[in-house]
Amino acid sequence: MNNIKKYILTLDEGTTSARALITDKEGNIIAVEQSEFTQYFPKEGWVEHDAIEIWNTQRSALVQVLNKSGIDPSQIEAIGITNQRETAVVWNKETGLPIYNAIVWQDQRTADYCQTFDKDTLEMVKQKSGLIINPYFSGTKVKWILDNVPNARQLAKEGKLMFGTINTWLIYRLTGGEVFVTDHTNAQRTLLYNIHTNDWDDELLKLFDIPRNILPEIKSCSEVYGYTFKGLFSKGNEQRIKIASSIGDQQSALFGQLCLEKGQVKVTYGTGCFILTNTGEEIVKSNHGLLTTVAYSFKDKVYYALEGSVMIAGAAVQWLRDNLRIVYNAIETEWYAGQVKDDRRVYVVPSFTGLGSPYWDSFSRGAIFGLDRGTRREHIVRATLEAIAYQANDVVDAMGKDMKKPIEIFKVDGGAANNKFLMQFQSNISQSKVIKPTNIETTAMGAAFMAGLAVGYWENVEELKKTYKVHFELTPELSKPEVDKLIKGWKVAVQRTFKWVEEIE
């Protein structure tokens with residue numbers, strides 16, 4: 001029986017879909033299953049998910065990936081979880097059911113509330129949490145649920161509510177309600193966590209009026225939290241599997257890219273675009289609009305990172321496809337962009353839900369600048385792809401300033417990293433080498449690596465490094481003066497979108 005091959009199963013719960021992946025010891029993806037779930041937009045700027053639908057979708061993907069691969073649950077050494085961060089779920093402890101839809105990280109309903117704090121409070125929050133007061137983070141979302149759902153405050157007072165980000169919700173469900181935990185990376189994105197003590201902070205809880213009794217216990221990213229409930233995989237199947245990692249999706253990609261040394265950078269192009277640089281055990285405070293975040297943790301050690309968050313990246317391509325209908329699918333954008341020699345000085349600023357790092361303007365809105373009678377569909381498509389690279393470059397530039405050293409190399413992943421036009425433009429505009437690994441599932445691999453390390457599937461980080469293979473490397477093809485001219489136009493365009501909503505009301 002000892003010769004039976006073992007695997008790691010990863011649950012990758014994203015913003016638009018729930019995925020399940022099976023990985024072997026060599027870092028190969030054996031099977032993948034993906035199911036999309038519904039996006040709800042009840043009002044302008046509001047974004048919600050049905051947490052029950054997320055659970056059902058994730059469970060279905062988990063069962064289907066095992067069926068598809070022919071791998072028995074007994075061959076799974078451990079389950080790792082990675083998730084969309086900040087999205088907040090509050091549920092009733094007695095029924096196990098959410099009292100309101102999950103409020104998604106993109107949601108802007110608390111933007112006005114976030115404007116009400118004085119300078120000293122803003123500085124206190126940044127000093128303690130590493131973050132800024134912004135609708136993006138979970139804390140203000142939880143406050144909104146407690147303040148607006150009938151009887152929620154009373155239920156919280158009676159100890160009948162539980163709050164978690166999606167990882168906590170999934171672990172709670174996977175264990176049949178036995179385990180209520182989170183990890184350092186997800187806890188830190190709530191605005192309620194102190195990066196110096198690595199625990200919930202009473203002053204922050206008081207500021208946002210959130211009772212401590214609704215919060216989960218904080219654990220490391222790599223340890224056994226509990227076991228799946230009997231019957232999870234099929235009726236009558238009593239197999240219970242260790243749940244051995246929990247890590248926010250962007251931190252998971254950093255670990256999956258094996259950016260384990262100080263100064264190493266990864267850029268993930270998903271719905272948004274997220275750039276992290278490892279700062280080791282040092283907490284680096286940003287003076288250039290970035291966030292200080294937990295990178296990952298083990299039982300005895302916490303590592304930190306600087307992060308820049310771009311709200312709209314791949315979502316801008318979805319907008320071209322679904323709203324403007326000028327492309328049939330995302331893959332076509334590379335072809336369209338290559339049909340014109342330049343962007344004809346057209347700039348697209350896709351700040352549909354405001355601007356993230358380094359600007360942090362919740363009231364900016366999207367715009368297209370530089371249109372004339374000669375502008376064609378190809379120019380707009382090209383400018384939209386370029387906008388993704390410009391936004392990432394704004395963050396990479398800020399990172400170089402905070403780290404007091406220019407970023408010369410970064411590793412890329414996410415769906416849009418397959419777009420060669422975008423990757424070459426990114427290399428050009430950032431004047432950096434861009435490296436893409438063969439296995440683009442770096443987010444899932446980070447959680448898999450963490451789970452595998454927790455149960456001894458992999459002995460150490462050196463073993464993990466053997467699994468990393470490079471697909472391509474790109475170097476800049478434009479000179480610095482050419483790039484400076486392009487960036488100047490981008491800066492002008494971005495600045496003209498600032499405070500748009502405020503100024504027209």
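Think of each number as a place in line: the chain as shown, counted from 1.
Using the three backbone atoms N, Cα and C, a Cβ is placed for every residue, glycine included.
Model, not experiment: these values are computed from the prediction.
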Kindly point out which candidate in Y136, Y296, Y303 is recorded by Swiss-Prot as part of the glycerol site with R85, E86, D249, Q250. Y136
Among T271, T277, T375, which residue does Swiss-Prot name as a further ATP binder in the site formed by T15, T16, S17, G314, Q318, G415? T271
Candidate nearest Q250 (glycerol binding site) in space, where candidates are the binding-site residues T15, S17, R85, E86, N419 and distance is Cα-Cα: R85
Mind telling me which of the binding-site residues S17, T271 has the densest Cβ neighbourhood, counting other Cβ atoms within 10 Å? T271
If you measure every Cα to Cα distance among T15, T16, S17, T271, G314, Q318, G415, the residues said to bind ATP, what is the biggest one in Å? 14
Report, as a single number, how many Cβ atoms besides its own are within 10 Å of the Cβ of Q318 (ATP binding site). 15
Which of the three DSSP-derived classes (helix, strand, coil) applies to G415 (ADP binding site)? helix
Take the mean position of the Cβ atoms of T15, T16, S17, T271, G314, Q318, G415, the recorded ATP site. Which other residues of that chain put their Cβ within 8 Å of it? G14, G270, A315
For N419 (ADP binding site), the number of other Cβ atoms found within 10 Å of its own Cβ: 21
At the level of the C-alpha atoms, what whole-angstrom distance separates R85 (sn-glycerol 3-phosphate binding site) and T16 (ATP binding site)? 13
